[in-house]
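K.L.:
Following this message is one structure expressed as C-alpha cells.
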C-alpha cells in the first residue's frame, strides 16, 4: 500500500512540474517579440512606443519593454537586440525622452536557459524511462498490459462441488478422474500413466460447462486460475502472447494447479481462416498458447481446462493429444438428467404436493440445465405474483408456457371471425394428433396469442426418442397439416396461419428424401452439409451432388409425401367432424383445454362436462393442499428436505 502511495505521489509531482514549466515557457515565449531588429527598434523609439531600455554591459545586448498599448501591434511586450551601447545610442534615446539603464550581464543566464529550454525535455525522457521500468517491473504497476488477468479462486470463495452438478454423469466421471489424479498421482503414475495436460469441455450453451469447471475447482483442493478467452487479446500488439506466458508462469509457480479458459474459441480459432494472415494478434496469442501447452519447455503439473460451444472452429493443433488429451462432451440432459437438475434447483423452493418433477421433465425436451434453472425461477416469480406460500404445478405450467411460447398477449384485439378460425385450426391439429398412432400425446391446446403465434397445440413426449421412424415422420407431417385441413374443410378457404406448419412439414419431407433415404429414390444422401471455416465462422452450407433430372425426381417425391400427409388430415377430420366441432366450441368457451379434457371431448363428452371436471379437480386439489398443510403444521409443503424423484 505504501509503495503504491509513493508511486502515485511521484507521478502527481512530475505531472504538476511538467505542466508548470510548460506554461511558464509558453508564457515567456508568447510575451517576447519575434523578428525584432535594430532598425525596428530605432523606428519604435522615434514613434514613442518604447517604455524602457536597458544596456547590458560586457555585451552588445539591448533589452527593453514596449508600452502596454502597443502590445497587440508587436504581438508582445519584451524585446532583445544587439545594438550600440556607446554615447551615440545614449544620446539618441535621450533625444526621444528615454533614459536607458545599465546592468552587468546576468551570470545565471546559463542556468535559466537550461531550466527553461532543457528541463521539459529532461522530464519527458525521465517519464519515459520510468514508464518502461514500470512495465518491466510487472504486476500492479502502471502500463502492465502484458500481465495475465487470470483470477485465482480460493477454496472458500463460491465453492461448488460435484454434488451440485446433475444431469451430466459421464462428464462428471471424466473430471472426477482429473481430481483424483491431482489428489493421488502415484495411483496412476506407478502403472505408467501420465496426467492429461488438457481437458476440453464441448457442449451447447447452458449445458453446465462452466459449472463443471467450478466443481473441479471446489473438489481438487489445488490453486485454480480462471480466465476468459477474450481477456488475452487487446488493442496492443504482443499483449496476448505476453499474457499467455505470464499465465503459465503463475501456473508453474503454483503447480500442481488448474487453469480454466472459458470460451476458448475467442483465441483458439483456426489459423489462416480470417483476415490479417499469420501475423494478426489473435494468431500470435494462439501460437504462444500452443508452445506453452506442449513445447520445448513442458508445463508439468499445470492442467488446462477449456470450454467452448464451437469446437468446429478450433485449430487442429490445439486439439491434438499432448495439448487437449481429453475431450468431454457435455450434452443436453435426457429425461433422467432433467429430473435430477430440477431436483437440485427445487431444493431452494417450497413446493406443493401436486408438483411432479418427472412430469415437468417430460414436458421440457431439449431444455439445457440453464433453461431448467430459469424455468424454476420463473415459476417462483409466477407464484410470488399470486401471493402463494409455495409453488404449485400450475405455476410450473405457466412458467413453461412463457419460456417456450412467450408471454400471453391478452390485450391483443382479435375479431370473433379470426378467433373462430384459430379455434378450428388448433382443433384440427389436436384431432389429427389424437387419431394418429405413434405421435406424442396432446398436453395442452390454447387459442390465447403467445409470442408470434395466435394459438398453440402442445404435445408432451412420453419417453426420450433418439431416432425417428418413417411412419412417425409421415404422421408428423399429417399432424402439421391438421390446422390447414380444418380451415379448408370448414370455411372452404385457407389463411396464412398455416405458414409455419407448411415450412416445418416441407423440411421434414425434404430430409426424408435427401438425407434419410425414406423414399423410392433409395438410401442415398443427395445433400451433404459442408462446414467451411471462413473468417473464424462455420457456415452450414449444403452442397447439391445430383443432376437437374434427379432434382426433378426429388421434388416429385417431396410433393408425394406432402400430399399424402395432407390427404390423411382431411380424411380424419371428415370422419370425425363432430369431435372437431366439440373441440372448437370448448376452445371458444374456455380458450385453453388440457390433455385430459381433449380426451373427454374426442371420446364424445359434451362441452358442458368440462366445467364439471374442472370444479371436481379444483375441489380435489384444495382438499389435498389443506391436508398437506395440516400435516405440516402450516409449514410450506415440500420445504422440509430435498426433492425426491
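Cβ from N, Cα, C; glycine included.
Swiss-Prot feature annotations, pasted as is:
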type	residues	note
TOPO_DOM	1-6	topological domain 'Cytoplasmic'
TRANSMEM	7-27	transmembrane segment
TOPO_DOM	28-110	topological domain 'Periplasmic'
TRANSMEM	111-131	transmembrane segment
TOPO_DOM	132-645	topological domain 'Cytoplasmic'
BINDING	203, 204, 205, 206, 207, 208, 209, 210	ATP binding site
BINDING	425, 429, 501	Zn(2+) binding site
ACT_SITE	426	active site
K.L.:
Write out, in the order they occur in the sequence, the residues of the chain not among 425, 429, 501 that have a C-beta within 8 Å of the mean position of the C-beta atoms of the recorded Zn(2+) site.
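P.N.:
Near the Zn(2+) site, the remaining chain residues are 426, 428, 455, 457, 480, 481, 482, 483, 484, 486, 497, 498.
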K.L.:
What is the one among the recorded positions 426, 501 whose Cβ has the most other Cβ atoms less than or equal to 10 Å away?
P.N.:
426
K.L.:
To the nearest Å, how far is the Cα of residue 206 (ATP binding site) from the Cα of residue 501 (Zn(2+) binding site)?
P.N.:
28
K.L.:
Write out, in the order they occur in the sequence, the residues of the chain not among 203, 204, 205, 206, 207, 208, 209, 210 that have a C-beta within 8 Å of the mean position of the C-beta atoms of the recorded ATP site.
P.N.:
307, 309, 330, 368, 369, 370
K.L.:
Using DSSP, would you call residue 429 (Zn(2+) binding site) helix, strand or coil?
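P.N.:
Where residue 429 (Zn(2+) binding site) sits, the three-state DSSP reduction gives helix.
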K.L.:
With a 10 Å radius around each C-beta, find which of these binding-site residues (203, 206, 208) has the fewest other C-beta atoms nearby.
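P.N.:
Ranked by other Cβ atoms within 10 Å, the binding-site residues 203, 206, 208 bottom out at 206.
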K.L.:
Ranking the binding-site residues 204, 207, 210 by other Cβ atoms within 10 Å, which is at the bottom?
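P.N.:
Checked 204, 207, 210; of these binding-site residues, fewest Cβ neighbours within 10 Å: 204.
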K.L.:
Compare the C-alpha of residue 426 (active site) with the C-alpha of each of the binding-site residues 205, 208, 210, and give the closest one.
P.N.:
205
K.L.:
For the topological domain 'Cytoplasmic' (132-645), report the average pLDDT of the model, please.
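P.N.:
Averaged over the topological domain 'Cytoplasmic' (132-645), the predicted model reaches a pLDDT of 82.
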K.L.:
Considering Cα atoms only, can you say which of 425, 429, 501 is the nearest neighbour of residue 210 (ATP binding site) among these binding-site residues?
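P.N.:
That would be 501, nearest by Cα distance.
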K.L.:
Rounded to an integer, what is the Cα-Cα distance in Å between residue 501 (Zn(2+) binding site) and residue 209 (ATP binding site)?
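P.N.:
On Cα coordinates alone, these residues lie 35 Å apart.
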